[in-house]
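J.: The following block contains the structure, expressed as structure tokens.
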Amino acid sequence: MILDNFFKNLIYEPVSVLGLLVFYFLLINLPISLGAVFKKKSSFAVRLITILVNLLITLQLLFRWSISGHFPISNLYESLYFLAWGITLGQLLVEREYQAPIIPSIAIPIELLIVSFACFVLPEDLKSSSNLVPALRSSWLVMHVSVVMLSYAALIIGSLLSMSVLFINKNKPLQIRSSSTGIGGFKLSNSYPVNDLVESIEFSHSEELDTLSYRSILIGFVLLTLGLISGAVWANEAWGTWWSWDPKETWAFISWLFYAAYLHMRISKGWQGRKPALLASTGFLVVLVCYLGVNFLGIGLHSYGWIFG
């Protein structure tokens, strides 16, 4: 009987059912990932469930695309799941580079919060699909919005990795040899003989996480830059102006400046250790305000609607 109802709902409401399945699998994955941290050993089960979650979100978004007839990123519900998809994908890519139990343990709670917000907090009218206004019926929708959302995912992952570096080293000095290129990134090389530089240097746990954080933020910054440029071109085509300084645009520019400053301090000034980790961790709040905070204003071309109205 329960299975009959499940499959019946899956046929008639596939987007909602798949969204709930994502929530329950993340809920199962959370204690497993935390247990792996205490055991200090990466869990294959956590990675397997994360892959399943990513595939379920992919299927959910494809169903929504088929039902609505447009790329599924036009309202807050869709964009939240797209963001969760990006973070789960980023988590898997990071774990492919460096397997550490702390990586899923910091990513999965954020994924669960995002999906919970989409499932249980958003009102029904913000979950349902609707026809796009003429200005949004453009191929720029896919290019601009998807790239910006992927930049948010990469920046969030970078911030979470920096938080993990700070957490691991909360009661001890933080000395990190960085992979950041540039003037500051190569200061360490002066203290090593030439022969030693030929051999690979084994990085510590914190250094590996810091390197992954830096790379994630660099990727996110590049994507955010492309998103801002594509958005400006689209705005000029649709409304005849490159930039209107609405709340979302303003905060996106603030986010861009914030991460530009972070990368500048790491690459050119040689920032290492606790300072860049603190700055990158603060970036999580910057992205949160940029993505969700402006919706509470309920104004602007980019607002997904007044959440509690």
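Glycine is treated like the rest: Cβ placed from N, Cα and C.
These came from Swiss-Prot, pasted as-is:
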type: TRANSMEM; residues: 18-38; note: transmembrane segment
type: TRANSMEM; residues: 43-63; note: transmembrane segment
type: TRANSMEM; residues: 73-93; note: transmembrane segment
type: TRANSMEM; residues: 102-122; note: transmembrane segment
type: TRANSMEM; residues: 148-168; note: transmembrane segment
type: TRANSMEM; residues: 216-236; note: transmembrane segment
type: TRANSMEM; residues: 250-267; note: transmembrane segment
type: TRANSMEM; residues: 279-299; note: transmembrane segment
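Provide an account of the burial state, proximal residues and distances for the features listed.
T.: Among residues of the same chain six or more beyond the transmembrane segment (43-63), those with a C-beta under 8 A of the stretch's C-beta atoms are 14-15, 18-19, 21-22, 25-26, 28-29, 32-33, 35-36, 72, 78, 81-82, 84-85, 88-89, 91-92, 95, 101, 104, 108, 111.
Within the chain carrying the transmembrane segment (73-93), a Cβ under 8 angstroms from the stretch's Cβ atoms is held by residues 19, 22, 47, 50-51, 53-54, 57-58, 60-61, 64, 103-104, 107-108, 110-111, 114-115, 117-118, 122, 126-127, 129-130, 132, 136, 141-142, 145-146, 149-150, 152-154, 156-157, 216, 291, 295, 304-305, 307, all 6 or more beyond its ends.
Packing against the transmembrane segment (148-168) from elsewhere in the chain are residues 73, 79, 82-83, 86-87, 89-91, 94, 102-103, 106-107, 110, 174, 176, 205-206, 209-210, 212-217, 219-224, 226-228, 231, 252, 255, 259, 274, 276-278, 280-284, 287, 290-291: each is 6 or more residues past its ends and has a CB under 8 Å from a CB in it.
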J.: Using a Cβ cut-off under 8 Å, which residues of the same chain at least 6 positions beyond either end of the transmembrane segment (216-236) come close to it?
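T.: For the transmembrane segment (216-236), the list is 90, 94, 138, 140, 143-145, 147-148, 150-155, 157-159, 161, 242-244, 249, 252-253, 255-256, 259-260, 262-263, 280, 283.
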